[in-house]
Every structure is written in C-alpha cells, then in structure tokens.
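Taken from TrEMBL, the feature NADP(+) binding site applies to A:165, A:166, A:167, A:231. The domain 'Tetrahydrofolate dehydrogenase/cyclohydrolase catalytic' feature in TrEMBL is assigned to A:5-119. The domain 'Tetrahydrofolate dehydrogenase/cyclohydrolase NAD(P)-binding' annotation in TrEMBL covers A:139-279.
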C-alpha cells in the first residue's frame with residue numbers, strides 16, 4: 001500500500017526557514033519585497049496570486065500586485081515592466097505567463113534582471129538550470145517537485161526518473177534538476193512510442209502532461225514514487241491531476257495528491273527564491 | 001552486419017550548400033568572416049583550428065586567428081574579445097574552451113553577441129537550445145551528430161535515444177536537439193545504475209563519455225544506430241572513440257567510426273553556422 005505524500009508539511013518546513021531569514025534581514029534593515037505583474041484577469045493567475053499573497057504574508061514579505069489591462073500595448077507593458085525592474089526596493093518579480101498573444105515574449109524575457117527573476121523567465125536563468133548552476137533561479141513548480149522528493153527522503157542518485165511532458169515550465173527544467181541530483185532521466189512526451197512500457201520502469205515518475213487522470217496503475221512500477229504536477233480543471237469545476245491517484249495508490253510507494261500536492265509547495269518556493277534574491281541584492 | 005557511416009559525405013553535402021550561400025552573399029557584397037580566438041597552444045585546439053581553417057578555405061569564408069598567450073590576464077583577454085566582438089566585419093566567433101583556469105568563464109560568456117556566437121557559448125543560445133528555438137546557435141559537435149542522423153535517414157521521432165554523458169558541450173545540448181526532433185531521450189552518466197541494461201534498449205545510442213572503447217556489443221541493441229562522439233587519445237598517440245567499433249559493428253545497424261565520424265562533420269557545421277550568422281547580421 002502506497003503512502004500519500006502531501007505538500008503542506010514541505011511548504012511549512014520551507015516557510016519556517018524563510019521566516020527566519022526574513023526576520024534576520026529585517027533586523028539588518030533590509031525589507032524583502034515581491035512584485036507580481038499580471039496582465040488581464042485569467043482565473044488561474046488570480047488563484048495563484050491569491051495563494052502567493054497569502055504565503056508572503058505568512059512569511060512577512062511585502063508583496064504588491066501590478067494588475068495591467070489585457071489589452072495593454074507591448075510598448076506600454078515593456079515600459080511598466082522596466083520601471084518595476086528598476087525599482088531598487090523590489091527584490092523579485094513574478095510575471096504571469098503565458099503572456100497575451102499580442103506581446104512578444106522574446107522581446108520581454110530579457111527585461112527582468114536575472115537577479116530579480118525568481119521564476120526563471122530570463123534566458124540567463126534558463127541556461128543556469130541547464131548547466132546545473134545553482135546561483136540562478138529555477139522555475140518554482142519543478143523546484144517544488146524536487147523539494148517534495150527531498151523532504152520525503154526519496155533516493156534520487158542513480159535512480160531512473162521518468163518525466164512525462166516536455167514543457168519549458170515543468171518537464172525540461174525538472175529533467176535538468178533531477179539530472180543535477182544524479183538521477184538517470186528519461187524524457188517522454190506525446191510522440192513517445194510504448195509510453196506505458198517506459199514509465200513502468202521508473203523509480204520516480206513525474207507526470208506533467210496536462211491530461212486528467214491519464215496515469216493509471218499500468219503506467220507505474222510497484223513501490224515507486226509518483227509526483228503529479230498536472231492541474232486539470234474539468235467542466236464541472238473539479239480539479240484533477242495527471243495521475244489517477246485512487247487507481248495508483250495501492251501499487252505506488254509514495255504518491256502526491258492533486259490538490260494538496262506539488263501545487264501547495266510552489267508559493268513556498270517562490271518565497272524562498274525571493275529571500276535568495278534579496279540576499280543577492282546585497283552582494284550587487 | 002552493421003554499416004559504418006562516415007562523416008565525410010555529410011560534411012561534403014553541408015559544404016556544398018554553404019559554398020552556394022557564400023557565393024550568393026559575395027554577389028551581394030557581403031563577405032562572411034570567422035574569427036577564431038585561442039588562448040595558449042593546446043594541441044587539440046590547434047588541431048581543430050587547422051581543420052577549421054581548411055574548411056573555411058574550401059567554403060571561401062575568410063578566417064582569421066587571434067592567438068593569445070596562455071598567461072594573458074582576464075582584463076586584457078576581455079578587452080581583446082570585446083574588440084573582436086565589436087568588429088563589424090566579423091560575423092562569427094569561435095572561442096576555444098575550456099578557458100585557462102585564471103579566467104572566469106562566467107565573466108566572459110556574455111561578451112560574444114548571441115548573433116555572433118556560432119558555437120553556443122552565450123547563455124542566450126544555451127537557453128534557445130533548451131527551448132528548441134532554432135533562431136539561435138547550437139554547439140557544433142552535437143549538431144554534427146544530428147546532421148549525421150538526418151543524412152543517413154535514421155528515424156528519430158518517437159524512438160528511444162540514449163545519451164551517455166551529460167556535459168554542456170555534448171550530452172545535454174544533444175539531448176535537447178534529439179528531443180526537438182521528437183525522440184524519447186534517456187540521459188545517462190557516471191552515476192547511472194544498470195547502464196548496460198538501459199543502453200541496450202536504445203534505438204539510437206550516443207556515446208559521449210570520454211572513455212576509450214567503453215561501449216562494447218553488450219551495451220547496444222541489435223540493429224541500432226550508434227553515434228560515437230568520443231575523442232580519446234591514448235598514450236601511444238592513437239585516437240579512439242568511446243565505442244569499441246570492431247566489437248559493435250556486427251550487431252549494430254549503423255555505426256560511426258572514430259576518426260572519420262562525427263569529428264569530420266563539426267567544422268562543416270561551423271561553416272554553416274557562420275553563414276547563418278552572416279545572414280543574421282543583415283537583419284540587424
């Protein structure tokens with residue numbers, strides 16, 4: 001019988017560390033501040049924003065939201081983003097993506113200073129993730145998955161980690177983070193032949209496909225660790241991961257639920273990154 | 001019985017295309033120029049430099065070498081590199097790596113403009129390789145491996161490609177290039193458990209470990225494609241790849257030799273990238 005591993009204890013442990021750091025920074029008259037930049041009113045952005053605001057409050061980190069109209073011109077948006085970036089009181093910036101289609105991401109991604117780019121938008125940080133250089137920022141969701149593995153003492157080194165999904169937000173960076181911890185990493189995706197045969201070899205299976213309950217027990221190895229990064233909202237409003245948790249629980253070793261899994265650790269990682277960015281700002 | 005697939009026909013085909021492009025550019029009064037920057041007199045740098053000069057000559061591309069003393073200070077080196085980078089008649093720069101230990105690569109890698117960075121040193125290009133964005137430059141050696149696979153019509157999409165070795169020069173970027181072509185990609189390395197078991201499942205096996213003749217027939221799948229990226233010079237001066245080609249030939253489907261394999265395609269890719277950089281310079 002597998003064990004359900006929830007995100008909350010992981011998030012709580014990170015939050016505790018962050019709070020200590022924040023307290024120490026404030027004693028030295030440094031006041032960490034996060035700025036969230038949102039274009040439009042997308043529901044999932046607003047849900048995440050609410051969670052982030054709550055986490056920052058718990059951590060005693062100042063957090064301000066810059067909400068911009070969905071139809072803002074690229075020119076105006078760039079000016080706005082530059083002014084946020086130039087603000088010396090701001091230590092980290094979270095910009096919601098994907099950006100609206102009329103804004104060219106390639107023109108924007110260099111604007112946020114690498115040192116303030118706490119969710120890995122700037123190519124300098126993307127490149128550092130690939131190099132395994134920990135001086136940069138990895139994206140929060142894959143990092144949250146790594147924090148869960150570490151918190152629950154999952155052995156990574158030498159083990160076979162299979163990542164299903166190859167997005168720039170989860171699959172690819174998470175593959176690099178696992179590789180950095182010496183996992184043997186298999187990257188699978190929609191074009192993969194014999195997917196089930198491959199995933200059922202995984203010591204650690206990461207599901208980041210975007211298909212509700214796609215991973216059933218036939219896809220997993222007996223006793224393996226299953227991390228569900230999927231966020232799929234069904235027509236009835238219910239939230240499901242990429243894993244059919246009920247079906248897999250018995251066969252798995254450890255398995256994260258959705259909700260209350262990876263998602264609940266993400267804002268804690270964001271807070272941790274904000275503190276790291278604040279410390280970096282002292283060095284520069 | 002496997003077939004030995006050599007690099008020369010691949011390099012020749014690329015060279016032919018490059019020559020046509022160069023002729024066309026010259027008719028429009030644009031004269032492609034490569035600058036090679038070398039610090040010290042490392043033997044393998046000089047061997048590659050010689051090969052590159054010859055290829056550029058074949059392609060009618062101007063090529064100049066800036067040879068700097070091994071003991072050059074970081075400050076002087078940066079000044080020199082900046083002046084090469086600012087030279088508007090130079091379209092592409094090849095800087096030999098690794099740099100001497102007294103020069104901080106992190107301080108140098110942003111200097112070469114991404115548009116002139118034809119061997120993927122600048123993080124902007126590293127990030128593009130990870131994103132699968134073909135507007136940048138991928139490093140020449142992994143790109144040469146891809147050119148071989150394409151020239152010999154090796155099916156990549158959906159197939160299992162196993163990459164042994166995770167360097168930033170070959171293993172990691174090649175994994176990303178294979179992923180971009182829809183391979184299912186397994187990244188193995190020195191900490192991988194049961195390596196032989198994993199590699200023997202590979203439809204395409206890439207050896208980039210740096211251990212002479214390590215891959216024997218027990219490591220490969222019957223009828224598979226084996227690409228040997230290893231360059232190991234033995235004490236007697238002989239050059240060996242990572243694959244024991246004699247041992248694997250019978251069992252493989254297609255297999256590249258060393259020498260006369262991937263290495264002979266690398267300078268052709270360099271020439272191709274130089275032409276691409278020249279075309280980019282017209283746009284900017």
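Each residue, glycine too, has its Cβ placed from N, Cα and C.
Across the residues annotated as binding NADP(+) (A:165, A:166, A:167, A:231), the widest Cα-Cα separation comes to 15 Å. Listed binding-site residues A:165, A:166, A:167, A:231 compared with chain B at a CB cut-off under 8 A give A:166 as the close ones. Annotation for residue A:167 (NADP(+) binding site): spatial neighbours A:208, criterion Cβ-Cβ under 8 Å with sequence separation of six or more.
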